[in-house]
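Input: a single structure, listed below in structure tokens.
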Amino acid sequence: MSLFERQGGEQERYLQANNRKLNTMFGYPNNTIKTSRYNVFNFLPLNLFEQFQRLANAYFLVLLFLQLIPQISSLAWYTTVIPLMVVLSITAVKDAIDDMERHQNDNQVNNRSVMVLMNGRIKEDKWMNIQVGDILKLRNNQPVTADILLLSSSEPYSLTYIETAELDGETNLKVKHALPVTSNLEDNLELLSAFDGKVTCESPNNKLDKFTGILTYKGKNYILDHEKLLLRGCIIRNTDWCFGLVIYTGPDTKLMQNCGKTTFKRTHLDHLLNILVVWIFLFLGGMCFILAIGHGIWENKKGYYFQNYLPWKEYVPSSAVSAIPIFWSYFIILNTMVPISLYVSVEIIRLGNSCYINWDRKMFYAPHNSPAHARTTTLNEELGQVKYVFSDKTGTLTQNIMVFNKCSINGIVYGRVYDKKGMKVEVPEETEKVDFSYNKLADPKFSFYDETLVEAVKKGDHWVHLFFLSLSLCHTVMSEEKVEGNLVYQAQSPDEGALVTAARNFGFVFHYRTSETIAVVEMGETKVYQLLAILDFSNVRKRMSVIVRTPENRVMLFCKGADTILCQLLHPSCISLRDVTMEHLDLLGATAIEDKLQDGVPETVATLNKAQIKMWILTGDKQETAMNIAYACNIFEEEMDGIFIVEGKNDEVVLQELRSARDKMKPESLLESDPINIYLTTKPQMLRIPEEVPNGNYGLIINGYSLAYALEGNLELELLRTACMCKGVIWCRMTPLQKAQVVELVKRYKKVVTLAIGDGANDVSMIKAAHIGVGIHGQEGTQAMLNSDYAFSQFRYLQRLLLVHGRWSYNRMCKFLSYFFYKNFAFTLVHFWYAFFNGFSAQTVYDTWFITFYNLVYTSLPVLGLSLFDQDVNETWSLHFPELYKPGQHNLYFNKKEFVKCLVHGIYSSFVLFFIPMGTIYNSVRIDGKDISDYQSFSLIVQTSLLFVVTMQIALETTYWTMINHIFTWGSLIFYFCILFFLYSDDLCLMFPSVFQYLGVARNTLILPQMWLSIVLSMVLCILPVIGYQFLKPLFWPVNVDKIMDRIHYWMNPPVLPPTQTKLKHASSHRHSAYAFSHVWGFGALITSGKTLNAKRPSAKVRRSQQKEAIDLLSNG
């Protein structure tokens, strides 16, 4: 046997039970889970390393080193050190808090207790201490600690029932069974301790349904497969105890192998910011180059002849050489063009908007006691830009609870409700339910509203009795009865459970089964049917049958299946097949099982459609069921111009079907002269497919088999163009990988923001692939929620997440960025104008302390108040007018064009802020006749005018004033004057004259009328163009949003709400429903093998002891 070297990659795994010494030699990891990034020792160096990977932080670090060079430094070192330390500290604290939460989650999991066999005794130990080769004892309802090989259990034939919702999203129970050779070990600790079996198996991988290995025990080899492996993440159900041998631990388990590395998601604004920062660098370099040239020219023409008063440094031989250090001096002075506090401000804003989502009581779901949870703080503004929503069906749009709604028996439809006029109506909430009190074994949670079916049962209608008898016999459900008369069913699919429960309530109670019999309580009388054969369900047959011998010694066959299959057998077009079928079988009837929509789903979809958000359903379910849900959700409508179905079995047919659909929606899109075809031909390397407008309203349905061909390289563009022209698209029978591939396809070729929403582990790949992932906390475990960016309990909360929180976050972030860049341009570019009056000597306009505190203190709180509390309209109007969401989809509020506007606005303001103060104090004197045209007075006037201008600018931008906004905005101005008098005080300037040099400037300058004239003129000249632009823009360049805002303002004064929400179109009554079977094989082979239970029915006492906890679980769940 060849052993692998751990360092070179594990080729196969070898281990021996109860032999830690041997297993340790192979270097297998222990069972510790680690999702945290830092520890006490590496936090500081690792976090600093990660932060300096940001371009802006690295830039300021380089700037700090430049400031330490006295030949080029024109600013004190603390002007960069203090802001940089504050930014790094805030980010580090945030990262530390996030990582502490991960540590807590890790510790919670790693410190769970489990029973392990050590030295012949069962002892309790922590999960993290479990090693490969250990033998564990697991109890009912206990999660599986690691990937373990099942050895024995409390059930006959060592069967073990497990729930795998955490792995694959399926809530139905699955059955695992041990090898017969290990089943004999049972719970005998002496035999288990002596067990020394050796296992050779495959290396760790992420394939949940695959496992191969060999168990060598007592000189014999036994084949192992995935049916004998219990995976970490599963939960033991309906099994008192089981023992297992640990095969994979910790990061080697299939659950952890499937988690993979979560990629860090960045928003479109993040990518735009990186581009703009590069632009600013180039602009900054260009300005420094111009000023350096200006310095060289000035030194050559004037400075050379002025050296008696301003001598050149010894290292400056000529005017050209003197321009080099000046370049770097201005590079330091103008560094605030790249705002150091930008990134940390963005993080604070995102954190605040995330808290709003967490605190939103209207997204709290009381039945589950679960609030909405923003699991990331980096994607909030992206929520306001979503164009495509990819949704799972079962458990996301529906409740994942199957309800027996209607049935047709012998041509008579039961389950309809009529009003007093005899008109068919939908079932209102006040409708009285059918009374099943006559049946002591009825399920109290079952609801039905048509009394005529109960009357038919009581009258002994032959066809009705036969119909419910077939439902009580033709299935693979297993029953439990801990308490006399209290039955709990375990079904392979919720559909099957709903049918058996319906039969139970109408008097045909499936009681118990053995490998050879089925016991049914028919109208109070127990009858035992001999089970002769089960023809189990499969994805190919899509039906199942049972053959039984009745107590009257009559052999009968019952068959049930999907209508698409059974109707083919009875279709008139196939007379011979229909005749053969009807010669041996009687058609009893049909059932209508409803997976009820969650509350508010149709209204939510209709609202999202108004916001121009396209919604696609990606489901593993069959076409008929998904199509019915699409109609019920208003994704499809009766008035559509057409619905295309792509179901080709090869690439040629698929291509023909896609092009046929496009030919009907937009015939010119197939011509070579079509602009998009020309674009795709001429620019193959820059593929971004523009939006195409069809000539009507269409829908598209495609199954997973055809999708496999459509996703190939030469067809994927055809698929995408066809799908994007449709109002709604349904993708059926999809694998988790295909879901992710569809999302990636849209991301690759469309410049849009995508959102994926699901509730099961099979949706995780789709959730991770989308720009934004949303997890529904539903019936299918928590894997989707744990891998999501946002999580809540009901689909209807999605409209609030997008149209309220997402739109507000986007608008706030855009306002923040526009204002932030503007105020920094206005602040920094004053130095550029000043350079023309100081001989390009790199002299600063402002006091160094003002430069230090400008972004950090004076202007930080007002912009945070704007970015955290501003609302253009309240939540009611946001939801009533989804059209307000459209600007975010096209990124209209902050883009490269808006950035250039900010730059131009900043250049103009800096021009005004420099020349207006200069003009007001030029050749002016105080009342006492003393000259006031000194540098320090000019500096104070410019910086005070600047603060007044940027404060008034943010006041204009604010549309929703709160007390906090007032305090932040006007309080910052007051705080500026307080700091001003403190920094320019006599005591401080006399104590530290080299640091604080503006002695008496504040009290002497603030009393000057020229200063206040300068402030007023600066504000008027800077603010008037802004007010004029805001007034003229909706008049000359109106957009739809402006018109909607006018309507809102009209209704708000007086505040009269517009008409209520739009009526929704309901699916037509003639649409047939379809029976949705489980997508896996049933329990048929297991039942007939006799392994499910003993040959004869166990006593009630034994059944109660073996099945005690399962009823409690299901009745509570």
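Numbers run from 1 along the shown chain.
Just so it is clear, glycine is given a Cβ too, placed from its N, Cα and C backbone atoms.
TrEMBL annotations:
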- ASP392: active site, 4-aspartylphosphate intermediate (ACT_SITE)
- ASP392, LYS393, THR394, GLU496, PHE537, LYS560, THR619, GLY620, ASP621, ARG733, LYS739, ASN762, ASP763: ATP binding site (BINDING)
- ASP392, THR394, ASP759, ASP763: Mg(2+) binding site (BINDING)
- 16-81: domain 'P-type ATPase N-terminal' (DOMAIN)
- 787-1038: domain 'P-type ATPase C-terminal' (DOMAIN)
- 75-93: transmembrane segment (TRANSMEM)
- 272-298: transmembrane segment (TRANSMEM)
- 318-344: transmembrane segment (TRANSMEM)
- 816-837: transmembrane segment (TRANSMEM)
- 849-869: transmembrane segment (TRANSMEM)
- 902-923: transmembrane segment (TRANSMEM)
- 935-955: transmembrane segment (TRANSMEM)
- 967-985: transmembrane segment (TRANSMEM)
- 1005-1027: transmembrane segment (TRANSMEM)
Cα-Cα separation of LYS739 (ATP binding site) and ASP759 (Mg(2+) binding site), in Å?
14
Nearest of the binding-site residues (THR619, ASP621, ASP759) to ASP392 (active site, 4-aspartylphosphate intermediate) - Cα to Cα:
THR619
Near ASP759 (Mg(2+) binding site) in space, meaning Cα within 10 angstroms, which of the binding-site residues do we find among THR394, PHE537, THR619, ASP621?
THR394
Which residue counts does DSSP give the domain 'P-type ATPase N-terminal' (16-81) for helix, strand and coil?
31 helix, 1 strand, 34 coil
Since the record lists ASP392, ASP621, ASP763 as recorded positions, which of them has the fewest other Cβ atoms within 10 Å of its Cβ?
ASP621
Average the pLDDT scores across the domain 'P-type ATPase C-terminal' (787-1038) and report the rounded value.
88
